[in-house]
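**Q** Dropping a structure here in structure tokens format, bear with me for questions.
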């Protein structure tokens with residue numbers, strides 16, 4: 001399933017706050033990513049689960065999270081990973097900031113991070129985790145694959161740098177993104193700061209191509225430094241969603257019914273409510 005790519009255009013950096021001691025702000029970025037498919041038979045549904053389970057096994061997820069830590073400019077301290085039976089996998093990494101971030105790096109700049117083609121901290125609270133949840137409907141043939149990713153950093157490194165990479169690392173039909181900043185830090189005058197960068201929407205940290213490819217809605221609570229964005233892929237081509245069979249194996253009326261069910265499934269996940 002081909003997904004939109006695009007070149008990240010990094011915005012001008014925000015004025016930096018010179019802090020007293022260590023930057024104690026905790027920045028947390030959480031993803032729920034859904035990939036949807038239609039598997040006609042019970043055999044196809046089982047093959048889909050096995051395919052997804054192998055494609056995103058613990059080894060592959062470790063590779064993705066390793067790239068995430070490189071993108072945000074962190075060091076890996078420890079890795080714990082596990083494949084589960086009958087399906088699913090999880091990986092947890094403890095990460096820390098570089099001891100001395102090189103001058104001129106953009107790890108602490110809030111802007112679109114790199115895409116894949118360009119590529120738990122026992123420091124405090126910094127960690128990266130991922131869990132996978134393959135499942136299928138026993139009757140109507142719809143199968144879903146959910147990935148939960150959490151990136152939490154304490155200090156100057158920003159999890160938003162990994163935003164574009166993570167979206168394009170999976171076949172992302174629906175994406176729910178949450179970003180929050182917690183704690184406080186002080187500048188040299190002793191003034192407390194509860195956030196150290198400007199942000200009015202998570203959408204500002206996506207490439208233009210990604211913004212154009214997805215329908216997006218925001219629910220933000222600015223005074224609490226909570227930002228929430230939902231994303232639904234705009235273009236729908238049934239050929240991209242048929243697993244184990246081509247369109248020539250279906251009558252046109254059946255294809256129309258499948259497409260309607262698939263779109264309903266995606267809308268229900270997007271809005272987090274049943275529409276039927």
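Glycine residues also receive a Cβ, built from the backbone N, Cα and C atoms like all the rest.
Quick paste of what Swiss-Prot says about this protein:
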- 126: active site, schiff-base intermediate with substrate (ACT_SITE)
- 131: active site, proton acceptor (ACT_SITE)
- 154: active site, proton donor (ACT_SITE)
- 126: pyruvic acid (Ser) (MOD_RES)
**Q** What Cα-Cα separation, expressed in whole Å, is found between residue 126 (active site, schiff-base intermediate with substrate) and the residue listed as 'active site, proton donor'?
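**A** Distance between the two Cα atoms comes out at 6 Å.
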**Q** Are there any residues at least 6 positions away along the chain from residue 131 (active site, proton acceptor) with a Cβ closer than 8 Å to its Cβ? List them or say none.
**A** 88, 89, 90, 147, 148
**Q** Tally every other Cβ atom lying within 10 Å of the Cβ atom of the residue listed as 'active site, schiff-base intermediate with substrate'.
**A** 27
**Q** What is the total of other Cβ atoms whose distance to the Cβ of the residue listed as 'active site, proton donor' is within 10 Å?
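**A** Here the count is 23.
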